[in-house]
């Protein structure tokens, strides 16, 4: 079961769809990691003096794609999905791609709205794009097509049509494409694992 849905609504938790590249670009931290432990912790008090509970997942970082210089050892989330808490497998057998917000203590905070997927569910293109391709397009803007017909309104936009055409969020564009900036300042979808070639970056049309 995917942790994130087209329009996640669970008693107040609502998340709009995002392309994996958008999730990468807006996250403070993106890591590949195993979850090896879990405990409930207090993280201060609310305005009424009641303790704020959080779930602390202890993680073993496999690789950092984006984030601080030090390894991430703990991931914090809300205790229940109603307030966007994330549930992860703590057996240590499953690897995840985890994106979220960082704090100065070497930990990160995640919600159901962050892009969190089992590593084995990612395509070869997605895995490769985490190392460089997505970063190349962080100045581009991925625009979700919400009704047909739809079109881009600026040269730096890439039109994301998976939901309208394939009726699923993680369609071909999410799985196999990155929105890459070209030499003329425009952005265009690029497919595949190999780095974009010079003629693609300089061509007038994709």
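From the backbone N, Cα and C atoms, a Cβ is placed for every residue, glycine too.
Residues annotated as Zn(2+) binding site in TrEMBL: 13. Counting only same-chain residues six or more apart in sequence, the Cβ atoms lying under 8 angstroms from the Cβ of residue 13 (Zn(2+) binding site) belong to 81, 82, 83, 84, 111, 112, 113.
Its Cβ placed at the centre, residue 84 (disulfide bond) has 19 other Cβ atoms within 10 Å. What TrEMBL lists as disulfide bond is 13-84 (among others).
Annotation comment: TrEMBL describes 15-113 (among others) as disulfide bond.
Secondary structure from DSSP puts residue 138 (disulfide bond) in coil. Residues annotated as disulfide bond in TrEMBL: 25-138 (among others).
Residues or ranges marked as disulfide bond by TrEMBL: 140-187 (among others). For residue 140 (disulfide bond), the same-chain residues that are 6 or more apart in sequence and have a Cβ closer than 8 Å to its Cβ are 156, 157, 158, 179, 180, 181, 187.
In the three-state DSSP scheme, residue 150 (disulfide bond) is classed as coil. Annotation for residue 150 (disulfide bond): spatial neighbours 159, 161, 164, criterion Cβ-Cβ under 8 Å with sequence separation of six or more. Marked as disulfide bond by TrEMBL: 145-150 (among others).
For residue 179 (disulfide bond), the Cβ neighbour count at a 10 Å cut-off comes to 28, with all displayed protein chains included. Feature annotation from TrEMBL assigns disulfide bond to 158-179 (among others).
Under the heading domain 'NTR', TrEMBL lists 13-138. If you take every residue in the domain 'NTR' (13-138) and average the pLDDT, you get 92.
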Spatially closest candidate among 15, 25, 138, the listed disulfide-bonded residues, to residue 145 (disulfide bond) (Cα to Cα): 15
All-chain count of other Cβ atoms within 10 Å of residue 145 (disulfide bond): 17
C-beta crowding around residue 158 (disulfide bond), within 10 angstroms: 25
Winner by Cβ contact number (other Cβ atoms within 10 Å) across the disulfide-bonded residues 15, 138, 187: 187
Which listed residue (25, 113) has most other Cβ within 10 Å, given these are disulfide-bonded residues: 25
